[in-house]
Amino acid sequence: MRIHYLLFTFLLVLLSPLAAFSQKINEPVSCIRNGGICQYRCIGLRHKIGTCGSPFKCCK
């Protein structure tokens with residue numbers, strides 16, 4: 001029965017940092033802070049990591 005407690009605490013510690021990455025970027029300041037740039041479309045090797053407003057996307 002003790003193994004269940006150890007397994008639960010291990011999973012809790014392992015999965016808790018993932019909650020921080022579930023928030024979306026939806027403003028230009030947070031886009032720039034996360035190393036992205038605001039463009040109309042993501043061109044080339046850049047991929048969308050959020051939005052900077054209605055028509056613009058945050059690309060990194």
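Just so it is clear, glycine is given a Cβ too, placed from its N, Cα and C backbone atoms.
Bear in mind that the values here come from a model prediction, so they are computed numbers and not experimental data.
Feature list (source: Swiss-Prot):
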SIGNAL    1-22  signal peptide
DISULFID  Cys31-Cys58  disulfide bond
DISULFID  Cys38-Cys52  disulfide bond
DISULFID  Cys42-Cys59  disulfide bond
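Using CA atoms as reference points, the disulfide-bonded residues Cys31, Cys52, Cys58 were checked against Cys42 (disulfide bond), and the closest is Cys58. According to DSSP, Cys31 (disulfide bond) sits within a helical segment.
Cys31 (disulfide bond) sits 7 Å from Cys38 (disulfide bond), taking the C-alpha atoms as the reference points. Here the Cα atom of Cys59 (disulfide bond) is found 6 Å from that of Cys38 (disulfide bond). In this structure, Cys58 (disulfide bond) is part of a beta strand by DSSP. Listed in sequence order, Pro28, Cys31, Ile32, Cys52, Gly53, Phe56, Lys57, Cys58, Cys59 are the same-chain residues six or more apart from Cys38 (disulfide bond) with CB atoms under 8 A from its CB. The number of other Cβ atoms within 10 Å of the Cβ belonging to Cys31 (disulfide bond), over all protein chains shown, comes to 24. Of the listed disulfide-bonded residues, namely Cys42, Cys52, Cys58, Cys59, the sparsest Cβ surroundings within 10 Å are found at Cys42.
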